[in-house]
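This report refers to the structure that appears directly beneath it.
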Amino acid sequence: MSPQTETKAGAGFKAGVKDYRLTYYTPEYETKETDILAAFRMTPQPGVPPEEAGAAVAAESSTGTWTTVWTDGLTSLDRYKGRCYDIEPVAGEENQYIAYVAYPLDLFEEGSVTNLFTSIVGNVFGFKALRALRLEDLRIPPAYSKTFQGPPHGYQVERDKINKYGRPLLGCTIKPKLGLSAKNYGRAVYECLRGGLDFTKDDENVNSQPFMRWRDRFLFVAEAIYKAQAETGEIKGHYLNATAGTCEEMMKRAEYAKELGVPIIMHDYLTGGFTANTSLAHYCRDNGLLLHIHRAMQAVIDRQKNHGIHFRVLAKALRMSGGDHIHSGTVVGKLEGERQVTLGFVDLLRDDYIEKDRSRGIYFTQDWVSMPGVLPVASGGIHVWHMPALTEIFGDDSVLQFGGGTLGHPWGNAPGRVANRVALEACVQARNEGRDLAREGNEVIREACKWSPELAAACEVWKEIKFEFDTIDTL
């Protein structure tokens, strides 16, 4: 026997395959304040015990592999391994379990959402022993969150920048999302902004297409912003989408927006990637730009109840990576979103400290230790009749974004925006007077119609429009 073989044998190395649970299932483990904690919803294959499945998740997302390797003896597995420390069955679901996994902080690069996700939601999601796997929540300890810059500015600084307080902000996505020339696009922006809007927005897939190159769009939109500001005396903005095919091109677009003096730009953070998003967020803080985030591709990742990543995790990741706004669903519009679940991740975006609350899908207490908050953006199939519910659900620190609910007004863009602004002001005033918007909302809107023909026309157009479908992703 060679000396090397003798050394390995003496160290206790034995080739072969061991059950994961012998090493990675540790129900006696007491979690540390510095651990990153994860809650996985797992569906094991028939015949796979939940303890083995949970241990496999912990192993494959940290230090483990499918067989014993002699190089395990060159490190300290007890220090670096992930641990499945608890498993509970999912009520009302057959063969589904919540596996709780603790990860030592040293497994992750500081300030990198990319590295965090590569480990925790990497190869393990294709593991054959699992029929399905979903990451429901993460607990990010202060020791890790403090390594991130977070949002470029946060909503408190944003309010100071645009000098608007005491109400939700109003936005509008320009429609049709594709096909307008740059000049006509700028015209639509101007009509909306002069009518009472705070922001207008590029849609997520508006980048630099043959019918409208990005530089032309930026120029005509900047002209529209300055003209609307001069007429209204209010600070206005448009989310100029800087998303591009390369990071270098993305930064070029951000720099041009800064040169034009506009207040805010935009990024598609999931399709663009976390590395690109974090780089852009750093640029925005250094150069005084607000950053609006669109979540295009989110439903591909989070809509199925038993597999993928829940949006509350993607929301936490965005807060660390950086963004001042992010689309969060509406509860009442055309997009998926159950009320309590939505309010749970809205609080995770905005608040400093959020208590564990399983009724809202929050599996862990989260302390952001003064990281700036992100404004949730309610967007997708909303119109003036939704305004009372949106005001009550999201409160002042939010952006209410009407696309078709502005541009679909029978009298045009500016009257559409007037209708939304009047409806919002009426709801905020009624709330401040102590009225119950959940019960009296429709009456508040009807009263406001007496003073605004634009609102009355909008109410008539959309009085029958509802999106009443069962929510797929429930607790």
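Using N, Cα and C of the backbone, Cβ positions are placed for all residues, glycine too.
Features reported for this protein in Swiss-Prot:
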- PRO3: N-acetylproline (MOD_RES)
- LYS14: N6,N6,N6-trimethyllysine (MOD_RES)
- ASN123, THR173, LYS177, ARG295, HIS327, SER379: substrate binding site (BINDING)
- LYS175: active site, proton acceptor (ACT_SITE)
- LYS201, ASP203, GLU204: Mg(2+) binding site (BINDING)
- LYS201: N6-carboxylysine (MOD_RES)
- HIS294: active site, proton acceptor (ACT_SITE)
- LYS334: site 'Transition state stabilizer' (SITE)
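Recorded features from Swiss-Prot, shown on the structure.
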residue	record	Cβ contacts under 8 Å, 6 or more apart
ASN123	substrate binding site	GLU60
THR173	substrate binding site	THR200, LYS201, ASP202, ASP203, SER379, GLN401, GLY403
LYS175	active site, proton acceptor	ASP203, GLY403, GLY404, LEU407
LYS177	substrate binding site	ASP203, ASN205, VAL206
GLU204	Mg(2+) binding site	ASN241, THR243, ASP268, THR271, HIS294, ALA296
HIS327	substrate binding site	ILE293, HIS294, ARG295, PRO376, VAL377, SER379, GLY380, GLN401
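Spanning the listed substrate site, residues ASN123, THR173, LYS177, ARG295, HIS327, SER379 have a farthest Cα to Cα distance of 37 Å.
Note on the recorded positions LYS201, HIS294, ARG295: the fewest other CB atoms within 10 A surround the CB of ARG295.
For the recorded site, ASN123 (substrate binding site), the DSSP three-state label reads helix.
The Mg(2+) site is defined by LYS201, ASP203, GLU204, and by the 8 Å test on Cβ atoms against their centroid, the other residues of the chain that qualify are THR173, ILE174, LYS177, ASP202, ASN205, VAL206, TYR239, ASN241, MET266, HIS294.
Of the listed binding-site residues, namely ASP203, SER379, the sparsest CB environment within 10 A is found at ASP203.
Following the DSSP three-state reduction, the secondary structure of HIS294 (active site, proton acceptor) is strand.
DSSP assigns LYS175 (active site, proton acceptor) to coil, not to a helix or a strand.
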